[in-house]
Amino acid sequence: FFFLHGSDAEEDLVGSLASMSTKERIKVIQKMPETMRKKREIRNKVLQEITKKAKHHGARPSCCTQCLQGAAVSFRRFGNTLSEHFHQLRVWHKTLKIIGAEFGTSVLSYFVFLTWLLNFNIFSFLINFSFITIPQFLAAEPNNLSFTGLELLTGAGYFQQTVLYYGFYTNATISKIENGPSYNMQLAYIFTVGIYFVICFLILLFSMAKFFSKNFINPQEFSVNASKLLCTWDFNITNEKAVKLKQKNLHTQIKEGLTEVNKEVLNFSAMERVLRIAMHLLAWVASLGTAVAACTGVYFLSINNLKLFMKGHRNDLESQTAMLVLPVIVSLLNTLIPFFYSWLGHLEKFQTPGQHIYVTITRNIILKISIVGILCYYWLNVVAASESQCWETLVGQDIYRLVLVDFIFCLLGSFFGEFLRRIIGTTVCLNLGLPEFDIGRNVLDLIYAQTLTWIGILFSPLLPGIQMIAFFIVFFVKKVSLMRNCQPPRKVWRTSQMMTSFIFLLFCPSFLGVLSVIGVTVWRLKPSEECGPFRGLSSMYAAVAEWIQELEKYTVSKWVVWIYQNLITSELFFFILSSFVLIVIYLYGQIIQGRKTMTKLLRKQIIN
């Protein structure tokens, strides 16, 4: 149909489309290399032709059928309009296109990951706010503490008596109407957090599978030949700015593809190899030694920090300052040491930028996860065993301060690490030139921030809302800093697998580590006696056991009790389930290997 011209050809096209089913007709019209205006004209002519045929055959639809058709059309139009408006709300859509065109897929992968985490935190905030915070508003008591403004930095004071922290939530069953429906806050709290982590687990798994399929298995992604040049252009683009942006994006993609195809394999002498291996070993010893020293310092500082809280302070200003010492030191270590790791990477002189980034990411993940591990040990073994009236709120405040100070240091990192570096490279030391965007360091900052948010959800249910605002600001600050201060990577390279690697790092060790921390808190630790929804219980999980005992009294709820006793608390069930999952994973692994082999054969046939 695409090659027909003239009025007769158009009539033939309309006639052919009119004889098709609705789905086939829509697909054919969508694939036409025409403008949207031309497509609408063809669609309207086809609809007129269908109406004429219906009248000619006397097949006039009934009133009910017309109403249903009209409702279906209206619903489809409403759905399209809603989709367009949601698309416009995604303010970063155009920005991502510009970044991909100017800086390539390596830098773009960071911003795609950032927007993915932003959407993730919006979802988290809506769940916690809907099922935990809103019901608490109904039973909340007035806050008698005064607000000074320092609470925004410390998270203490006025915020202690708000829905921001675990300690404020009631352990009562909320009911505004006598003999009416009630809301069990204990069950709502533990089930909301539990179901949320199950949903997170599934989202991360499906996201990894989706990106893995897209970047490792899909044969279209391997296309670095003439098809990239001849078959990629979108003929629906007519706007001049959009055309230039598309040209630049395609140009960058072709350069990345050619770089990968023409990759040079350097041959080193035996002496050079020995020197390179020695350099790599020294760099790893230095990086691991730095991580161990940082973790040791954080541990002793956190112990001293708790002693200061228990002794009390002479004035409020001293108290507020002491609260910020631990998060400031931790954020300083997390900001300065990655710069040292980047410098080590430049000394090692890796053959490809990808090797440099992945090694830097590995070193950073060891540092940040080790520091988080030390802090978790401090919270679960030292703070939880202390004489604090509400240790859960104390942990929530610590995590709030860590998230906030980390956000401030992230913004300062853009200023000192990129803006001042640009000033120095363009005025003082011209040999340095403009800086490149450090993908490894920035990605690990995001994973660290998200890990803190996941740990803090149990102790501060509204923490995802704070992180959501922080990520939104970080996106635009990083975008402005990138455009004004940084240059595109000197070595252009394709990073189709990078997004998969980022989500894998977020899943393991970050998310799996958080699950272990939440598990210990829920099953092993004794809640505070004077605060929170689980006060007076031996553990948070005891609330579920008590609820099951109550359900045993009712015949209608016997099936829930059976599921709990025979599935949830059964080791045999989880053993069988794990075995089944492992078998499925093995089978899918074999299928993937078969598809990879088939893909290689098909690519050879295409080349032939």
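For all residues, glycine too, the Cβ spot is worked out from N, Cα and C.
Any TrEMBL annotation is an automated prediction that lacks curation.
Record features (TrEMBL):
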DOMAIN    390-496  domain 'TMC'
TRANSMEM  147-168  transmembrane segment
TRANSMEM  188-206  transmembrane segment
TRANSMEM  281-302  transmembrane segment
TRANSMEM  322-344  transmembrane segment
TRANSMEM  365-384  transmembrane segment
TRANSMEM  399-416  transmembrane segment
TRANSMEM  423-440  transmembrane segment
TRANSMEM  452-477  transmembrane segment
TRANSMEM  498-523  transmembrane segment
TRANSMEM  572-589  transmembrane segment
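Here the transmembrane segment (322-344) does not touch the transmembrane segment (572-589). Their Cβ atoms form fewer than 3 pairs under 8 Å, with each pair 6 or more residues apart. Note: the stretches the transmembrane segment (498-523) and the transmembrane segment (452-477) are in contact (3+ CB pairs below 8 A, sequence gap of 6 or more).
If you average pLDDT over the domain 'TMC' (390-496) in this model, you get 86. For the domain 'TMC' (390-496), the number of residues in each DSSP class (helix H, G, I; strand E, B; coil) is 79 helix, 2 strand, 26 coil.
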